[in-house]
Amino acid sequence: MNLNQTEQQQLDLITRKVEAGERISFDEGVFLDEKVDILTLGGLANQIRERKNGNFAFYNTNIHLNPTNVCVYRCKFCAFRADLKSPRGYTFTDDMIRERVQEARATGATEIHVVGGLHHQKKFDWYLNVVRVIHEEYPELHIKAWTPVEINWFSFMTKKPTRWVLEQMMEAGLSSMPGGGAEIFHPEVREQICEHKADSETWFEVHREAHNLGLRSNATILYGHYEQAKHRIDHLCRLRELQDETGGFQTFIPLAFHPENTGMSEIHKPSGLMDLKVIALSRIMLDNFDHIKAYWIMLGEKTAQTALSFGADDLDGTVVHELIYHDAGAKTPEGLTVEQLHRLINEAGRIPVERDTLYRHIVREGADWSVGEPILTSAAS
Ligand code: V47
Ligand code: SF4
């Protein structure tokens, strides 16, 4: 790392702030992103990671359901969507949903992650029914469903406020919200990649409303395309602000752009170093988030494992039936067994802990599971 004297002083100041648990500013974040080497970033991030989560590395047993890929929108980065009349288009029936839920039960999943396209012809009741069918089939299964893009679409279709939409969904069985649809909040980039869908103000408003109703949610960033350091850091600072207000976010998940079959296929997939850098910067900037997830499906097992020493404390889960990244060229398997996840975590020198969506310990006895106490080490701080 070739820093001049002033830059070295700036890094020393940031290092002292990290050691003291103080907040890193936007300008300092941009400096770290643009000038500081990956090992230094990793060291800073790892300090915070261990302070918050000790030596634990979390995972969960989950299953994905993307009930339709037909979508009215055309986000440039998306390889998953299909036109209404496309032979690639599909839509789940109630029986198909039940079958997926039965699979969830059989594999011991504690969570189902549900997101999909905004189908031209499906009304709000169809989406509500997806949640209801899941909940009726397996009431213990935690339903983490819909991004603000979908909630905003339901609000548009029904002409009802966000709060009403969320309440209907909660009544049907919704338990939390995933972090998707965030992409890059800054309009300079958002307008290039998904200008038509819910803007960043809407994204934040939906999460604020969800948190006010007692739902927990996640957040993501889609990096490795047109964005620059200032856009990435701006994204993290905006999230930190809402978290100060509501405390409702649980986990932050950096998502590396996969270019294959997208409208941005001229871009190269981000390198492993870039992946680790974004994980580390996220851990350093998001001082009020408990968890940073290295989503192995998208990073690959090797980078995800390494990320456990660069700020991440969670690998997501056993994940079966993932489509969004595999349609965009991800070469990872669609699922890992619990044994494989344990091996990845143990090799990284961490202690594997199975969690539920709300970061409570999962206790297993044979085929049965139950929810134990929260395992958060930062709760002690
Ligand atoms: O919003 C779409 C991203 C997101 C591509 O909350 C792509 O636990 C890379 O949000 N290359 C949906 N990324 C997935 C998501 C998520 C994933 C895992 C865990 C959680 C959680 C949430 O996927 C979209 C978009 O940002 N995405 N296409 C692509 N070609
Ligand atoms: Fe539709 Fe979501 Fe794909 Fe955008 S990212 S085109 S909203 S499925």
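Cβ coordinates come from backbone N, Cα and C, glycine included.
Given the structure is predicted, the values throughout are model-derived calculations rather than measurements.
Residues annotated as domain 'Radical SAM core' in TrEMBL: 57-290. The annotation [4Fe-4S] cluster binding site is assigned in TrEMBL to CYS71, CYS75, CYS78. Under the heading S-adenosyl-L-methionine binding site, TrEMBL lists PHE77, GLU183.
Over the domain 'Radical SAM core' (57-290) the predicted model carries a mean pLDDT of 97.
CYS75 ([4Fe-4S] cluster binding site) sits 10 Å from GLU183 (S-adenosyl-L-methionine binding site), taking the C-alpha atoms as the reference points. Closeness to ligand 2 is met by CYS78, these being the binding-site residues among PHE77, CYS78, GLU183 whose Cβ falls under 6 Å from the molecule. Close to PHE77 (S-adenosyl-L-methionine binding site) in the fold, though at least 6 residues off in sequence, lie GLU183, ILE193, CYS194, LEU222, HIS225, PHE257, THR262, GLY263, MET264, ALA328, each with a CB less than 8 Å from its CB.
Taking CYS71, CYS75, PHE77, CYS78 as the candidate binding-site residues, the subset whose CB lies under 6 angstroms from any atom of ligand 1 consists of PHE77, CYS78. Listed in sequence order, CYS78, ARG81, ALA82, GLY116, GLY117, LEU118, HIS119 are the same-chain residues at least 6 apart in sequence whose CB falls under 8 Å from the CB of CYS71 ([4Fe-4S] cluster binding site).
CYS78 ([4Fe-4S] cluster binding site) has a Cβ environment of 20 other Cβ atoms inside 10 Å. Excluding the listed site residues CYS71, CYS75, CYS78, the same chain places TYR73, ARG74, PHE77, PHE80, ARG81, GLY117, CYS194, LYS197 with Cβ atoms within 8 Å of the centre of the [4Fe-4S] cluster site Cβ atoms. Of the listed binding-site residues CYS75, GLU183, the Cβ environment within 10 Å is emptiest of other Cβ atoms at CYS75.
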